[in-house]
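Q: After the structure tokens below, expect a handful of questions from me.
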Amino acid sequence: MASESSPLLAYRLLGEEGTALPLNGAGAPGGASARKLSTFLGVVVPTVLSMFSIVVFLRIGFVVGHAGLLQALAMLLVAYFILALTVLSVCAIATNGAVQGGGAYFMISRTLGPEVGGSIGLMFYLANVCGCAVSLLGLVESVLDVFGADATGPSGLRVLPQGYGWNLLYGSLLLGLVGGVCTLGAGLYARASFLTFLLVSGSLASVLISFVAVGPRDIPLTPRPGPNGSSLPPRFGHFTGFNSSTLKDNLAAGYAEDYTTGAMMNFASVFAVLFNGCTGIMAGANMSGELKDPSRAIPLGTIVAVAYTFFVYVLLFFLSSFTCDRTLLQEDYGFFRAISLWPPLVLIGIYATALSASMSSLIGASRILHALARDDLFGVILAPAKVVSRGGNPWAAVLYSWGLVQLVLLAGKLNTLAAVVTVFYLVAYAAVDLSCLSLEWASAPNFRPTFSLFSWHTCLLGVASCLLMMFLISPGAAGGSLLLMGLLAALLTARGGPSSWGYVSQALLFHQVRKYLLRLDVRKDHVKFWRPQLLLLVGNPRGALPLLRLANQLKKGGLYVLGHVTLGDLGDLCASASQAAGITGVSHCALPGPFSHLSIAESGTLLPWGFRS
């Protein structure tokens with residue numbers, strides 16, 4: 001197990017020899033040379049790309065078309081309210097001290113202990129692995145929608161062969177590209193993400209300009225088969241330009257059948273799709289091991305990214321409601337291409353967001369896996385993931401994660417796993433809120449974050465919101481995830497973990513015991529509830545065990561203090577007391593067996609032992 005001789009080492013405030021380490025975590029494994037990323041490249045860019053994903057291009061019409069503008073804005077506010085509560089907790093923990101690699105896993109495990117932290121960390125890792133596979137399969141499907149031999153859209157080029165084997169080949173080739181970028185290090189990943197960010201920003205800018213510059217037009221829709229296999233006449237959606245009557249028609253909800261799945265939509269199903277695209281707030285925190293100053297970069301970058309994406313989503317909701325009729329929004333989720341001044345730029349944006357989301361998930365998964373392996377929670381199973389390059393890049397963890405993603409790609413279709421991935425993310429978010437809530441309730445003296453825009457109310461509300469959202473999106477996946485977390489926690493408890501990390505549960509117990517002791521009022525004592533308070537003085541506790549047992553039976557749940565008087569110098573008192581009791585190898589005056597603790601005040605004073613009943 002990882003050895004940390006002082007509780008302060010859990011936050012890396014002291015080195016192994018007691019020397020102070022800088023708060024940017026330069027003393028962490030990998031050295032300062034591994035910490036090269038700035039706030040913008042290391043946090044803002046990956047978080048923005050993860051929160052946009054492919055939803056910003058292919059699901060704006062789906063949300064507004066089915067839910068209407070008013071309910072769509074309400075969904076967005078609820079989703080970002082939940083995310084904002086978690087962001088406040090992340091900011092508080094990140095500004096409380098040095099943050100090492102592993103992001104959310106490091107924050108949770110060093111607060112709630114290795115059992116809970118390790119189980120949630122592994123679930124968060126699996127969520128990133130499956131999220132990478134989902135993004136790659138979504139990218140393959142987006143490419144085949146235009147270039148596939150079986151493309152049904154009006155503008156399909158039909159040049160790429162399709163089928164299970166071909167789709168797996170395309171996904172594996174794209175995974176090789178993503179894995180190659182991540183294996184070469186965080187620096188190349190940051191540069192690739194920045195290039196992707198520029199492409200996505202340019203594509204979004206062209207879409208926003210097209211809403212204003214393009215005049216009204218009729219857009220052909222994908223033909224639907226009629227009854228008995230007959231073909232229906234061509235149908236058209238209408239881009240009306242800015243029109244008040246169009247906005248009025250799009251204000252209220254109009255849930256209908258989803259033309260891609262044939263399922264009837266409702267508030268919960270539409271909200272789940274929207275929320276799936278916003279669960280990327282940990283993308284920057286996952287890069288904590290490569291950030292120059294994670295305690296500053298994580299809160300600042302995450303808040304900027306959340307605010308920016310919220311503004312873009314609101315703007316796109318309003319523009320779509322003003323200019324597109326309900327038929328176009330519900331029957332063509334990729335209508336951005338049809339109204340764009342240059343449609344290929346929208347395709348570039350779609351492909352870039354999917355590729356960047358897969359890169360973010362893969363490199364985030366590798367950092368979490370490396371942190372789990374370094375803490376040695378799962379033994380030899382994750383031991384290969386400890387290997388790093390001379391520059392501190394955990395390339396072995398990247399290859400490990402690449403192999404797991406390749407296995408998940410064999411499933412071919414991961415629509416059913418999309419809800420599971422989101423639930424796993426929500427479990428991690430709830431655990432971060434719970435960690436911050438526990439530290440705040442325990443009034444831990446080492447919990448003094450410089451970020452103060454949070455309270456236990458926001459943490460508690462964040463935990464409740466995440467749990468509620470889990471069961472709203474998928475009750476089965478939510479129950480299964482909690483069961484899996486319990487099994488993993490039981491496994492880690494049986495195996496044993498590093499006790500030097502500390503458990504916030506002990507701080508909570510102390511805080512509650514102290515609070516209720518102070519509330520005791522001697523004026524309210526009554527003979528009906530009297531409990532004996534015993535003080536037993538003996539010459540040698542080892543030679544008076546029958547008397548000790550008698551007094552222990554008499555106390556009946558009361559306070560029982562056992563002690564004897566020793567005379568001598570304070571410096572020699574501890575050792576002499578241990579020798580007098582016939583005990584060797586005792587450190588810090590701790591006595592084994594029935595004697596739990598020995599406290600020394602001054603020379604010639606009573607030395608109490610707490611007796612275990």
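Even glycines carry a Cβ here, placed using N, Cα and C.
Feature table excerpt (TrEMBL):
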TRANSMEM  40-60  transmembrane segment
DOMAIN    42-535  domain 'Amino acid permease/ SLC12A'
TRANSMEM  72-99  transmembrane segment
TRANSMEM  120-144  transmembrane segment
TRANSMEM  164-187  transmembrane segment
TRANSMEM  194-214  transmembrane segment
TRANSMEM  263-285  transmembrane segment
TRANSMEM  297-319  transmembrane segment
TRANSMEM  339-364  transmembrane segment
TRANSMEM  417-439  transmembrane segment
TRANSMEM  451-471  transmembrane segment
TRANSMEM  477-494  transmembrane segment
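How buried are the listed features, and what sits near them?
A: Over the domain 'Amino acid permease/ SLC12A' (42-535) the predicted model carries a mean pLDDT of 85.
Cβ atoms under 8 Å from those of the transmembrane segment (72-99) belong to residues 11-13, 21-25, 27-28, 63-64, 106-107, 111, 267, 270-271, 274-275, 278-279, 281-282, 285, 288, 294-296, 298-299, 302-303, 306, 310, 313-314, 317, 429, 432-433, 435-437, 439, 446-451, 453-454, 458-459, 461-462, 465-466, 469 of the same chain, restricted to positions at least 6 beyond its ends.
Within the same chain, residues 53-54, 58, 102, 104-105, 108-109, 150-151, 160, 162, 167, 170-171, 174-175, 178, 282, 286, 350-351, 354-355, 357-358, 361-362, 364-365, 368-369, 371-372, 377-378, 401, 404-405, 408-409, 411-414, 417-418, 420-421, 424-425, 427-428, 431, 481, 484-485, 488 sit at least 6 positions outside the transmembrane segment (120-144) and bring their C-beta atoms closer than 8 Å to a C-beta of that stretch.
Non-local neighbours of the transmembrane segment (194-214) in the same chain are 41, 45, 48-49, 52, 56-57, 239, 241, 312, 315-316, 319, 322-323, 336, 339-342, 345-346, 348-350, 352-353, 355-356, 359; each lies 6+ residues outside the stretch with a CB under 8 Å from one of its CB atoms.
Here the transmembrane segment (263-285) has Cβ contacts under 8 Å with residues 42-44, 46-47, 49-56, 59, 62-63, 66-67, 71-72, 75-76, 78-80, 83, 86-87, 90, 94, 99, 103-104, 107, 124, 253, 255-257, 297-298, 301-302, 305-306, 309, 357, 360, 364, 418-419, 421-422, 425-426, 428-429, 469, 472-474 of the same chain, all six or more residues outside its ends.
Counting residues 6+ beyond its ends, the transmembrane segment (297-319) has Cβ neighbours under 8 Å at 37-40, 42-44, 47-48, 51-52, 56, 60, 63-64, 69, 72-73, 76, 80, 83-84, 87, 90-91, 94-95, 99, 204, 207-208, 211, 278, 281, 284-285, 288, 291, 451 in the same chain.
Beyond the transmembrane segment (339-364), the same-chain residues lying 6 or more positions past its ends with a Cβ under 8 Å from any Cβ of the stretch are 46, 49-50, 52-54, 56-58, 103, 128-129, 131-132, 135-136, 138-139, 142-143, 146, 155, 174-175, 177-179, 181-182, 186, 189, 192-193, 196-197, 199-200, 202-204, 206-207, 209-211, 213-214, 217, 219, 239, 280, 282-283, 286-287, 323-324, 398, 401-402, 405.
With a threshold of 8 Å between CB atoms, the same-chain residues lying at least 6 positions outside the transmembrane segment (417-439) that come near it are 82-83, 85-86, 88-90, 92-93, 96, 104, 107-108, 111-112, 116-117, 120, 123-124, 126-127, 130-131, 133-134, 272, 275-276, 279, 281-282, 408, 411, 447, 454, 456, 459-460, 462-463, 466-467, 469-470, 473-474, 477-478, 480-482, 485, 504-505, 507-508.
Residues 114-116, 118-120, 122-123, 377, 419-420, 423-424, 427, 467, 470-471 of the same chain sit 6 or more residues outside the transmembrane segment (477-494) yet have a Cβ under 8 Å from a Cβ within it.
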Q: Looking only at residues six or more beyond either end of the transmembrane segment (451-471), which have a C-beta under 8 A from one in the stretch?
A: 81-82, 85-86, 88-89, 91-92, 94-95, 275, 299, 423, 426-427, 429-430, 433-434, 436-437, 440-441, 477-479, 481
